[in-house]
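Student: Next up is a structure, given as structure tokens.
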Amino acid sequence: MRKYYYWILLLLFLILSIYIKLIGGEQNIGFNVELFKLINYNQIATLNGLMVFLSKYGREYVWIPVTALLLIFKRTRKIGITLVISFVIAIVLGEVSKYVMAQLRPFNFVNPTYLLEPKPTDYSYPSGHALIVSTGAVTLLLTSPKWMWILGIIEAVLVSYSRVYVGVHWPLDVIAGWLLGSWISFLSVQIESTGPIKKIEQMLKA
């Protein structure tokens, strides 16, 4: 069954990416612009600090320690190794996708945009934050106990939402990040279970 999810996720990401390219950019998709405004224009002052914190620190400051902790213990090392594989693939494919797609961020088109952090200078699509946190969360979903992946999913959703909330990403950037990240998670689980990676695991357990 996982093989079907694998191909569906990749296909959806590719279809969305091609569509965005064909129409000349995310700014030309009406619901994408309106959903951005709905989220960004309805900021709640008491939540701004939390959203900025999640946007700035919800990626590296959560997933690096989580991965390191899982690698330390033999019982969870397999999960940690799968996360490492996932993140390496996500970083590479994420950067390649950004430069292939070359999509500008919403503050270049939507006026006003209520920015809560400095303007990023790189491209927008897909969201690197959404890509990494979704990769981590879905990898946990596929490999770890229920309590662990539930926490991962909650954290990933909040971080992804925060990127639109603070004004630095289109909603479709986040959706694309989740599609690509989820596909990478399925791929990484397959990679971990076969070939040289399995031999490395066995050596570490010895």
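Placement of Cβ uses the backbone N, Cα and C atoms for every residue, glycine included.
The transmembrane segment annotation in Swiss-Prot covers 5-25, 53-73, 79-99, 138-158, 164-184 and rests on sequence analysis.
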Student: Give the one range among 53-73, 79-99, 138-158, 164-184 whose Cβ atoms make the most pairs under 8 Å with those of the transmembrane segment (5-25).
Tutor: 164-184
Student: Rank 53-73, 138-158, 164-184 by Cβ pairs under 8 Å to the transmembrane segment (79-99) and hand me the top one.
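Tutor: Looking only at 53-73, 138-158, 164-184, the most contacts with the transmembrane segment (79-99) come from 53-73.
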Student: Hey, which bits of the same chain come close to the transmembrane segment (164-184), Cβ under 8 Å, at least six residues off its ends?
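Tutor: Same-chain residues near the transmembrane segment (164-184) but 6 or more away: 5-6, 9-10, 12-13, 16-17, 20, 26, 29, 32-33, 35-36, 39-40, 43, 51-52, 55, 86, 89-90, 93-94, 97, 103, 105-107, 113-117, 119-120, 124-135, 138.
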